[in-house]
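Annotated features, as they stand in Swiss-Prot:
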- Arg177: active site (ACT_SITE)
- Ser227: active site, proton donor (ACT_SITE)
- Glu297: active site (ACT_SITE)
- 34-198: domain 'FAD-binding PCMH-type' (DOMAIN)
Amino acid sequence: MNQYKNFIMQFEDIVGNNNVLIDEPMKKHTSFKVGGPADLLITPTTLEQVKDSIILCRNNSIPYYIIGNGSNLLVRDGGIRGVVIKFLKLGDIKVEGDRVIAQSGAPLTNICNEALKSNLGGLEFACGIPGSVGGAVTMNAGAYNGEISQVIESAKVIDKDGNVFLLNKEQLDLGYRMSAIQKYHYIVLEVTFKLHNSEYDTIKNRIMDLNRRRTEKQPLEYPSAGSTFKRPEGHFAAKLIEDTGLKGESIGGAQVSEKHSGFIINKGGATAGDILNLIEFVQNKVMEKFEVDLHTEVRIIGEENN
């Protein structure tokens, strides 16, 4: 039974009637296309609504989870007890000189395109990363020798008590797939990037080259959450998996991609359970062969199916 239905009217007062969904299947909101229902899913349209929603959750001991476009997220088949706050409608982007300021829900691709229009370079590496900027900053996303830490200036965040404040680059403490945001459970509201002036064609050609390489090497035609595992120190996850003989290995509808072993894909009809079982199988086999512990890069939330 959905124990949070009593709060529907209060959330509707904050975000509007059309922005509250009940027992919403999370497979509609993740790039893996799997996941059970969330008790409530709300989509705020202003940063003030985010703050008010978090305070309502805190004051009533309601668990809440923040998502962007769900591109680095695996929701278990039992779904989510509590409230999912989706930043889909918080995607404003503005350019001020050599700075690009974006709300947390803005897709990285949109930010890159705005930078391109203003002849600002530095974000080319991020143009093919499918996530939104809030998640990208939280995990210090990166690709092709670039990462968020190289271009970020500051981030406006909110804590669990509803306090809003600004963190500079040093305070964000960005490392490999980690940040102070993760450590202290902050939520990113807005991000400022400091870029550099460049030629339009130079930026455009770099973006096109990286996207071509992605298309050639990554299984973009299947649902996935991007790279499934973090890079272990001194190794590459994909090479360890391939050298263990697991390329193409499958459980149910989940498969280790034959195109890129670092990706676990939904080949068709997968459940979250299939994907989780395959992740565990890969981890165990790599540990047996190489004594290397693979840690997931994908964020895993939700309840097991009863």
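The backbone N, Cα and C atoms fix where each Cβ goes, glycine too.
Sequence features annotated in Swiss-Prot and their locations in the structure.
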{"residue": "Arg177", "record": "active site", "DSSP (3 states)": "coil"}
{"residue": "Ser227", "record": "active site, proton donor", "DSSP (3 states)": "coil"}
{"residue": "Glu297", "record": "active site", "DSSP (3 states)": "coil"}
- Would you mind reading off the Cα separation of Glu297 (active site) from Ser227 (active site, proton donor), to the nearest angstrom? 7
- Task: Could you please provide the mean pLDDT value for the domain 'FAD-binding PCMH-type' (34-198)?
- Result: 97
- Query: Which chain-mates of Ser227 (active site, proton donor) that are at least 6 residues away have a CB under 8 A from its CB, listed by sequence?
  - Reply: Ala237, Gly262, Phe263, Glu297
- Item | Cβ neighbours of Arg177 (active site) where a neighbour is any other Cβ within 10 Å | 18
- Query: 10 Å Cβ neighbour count around Glu297 (active site)?
  - Reply: 18
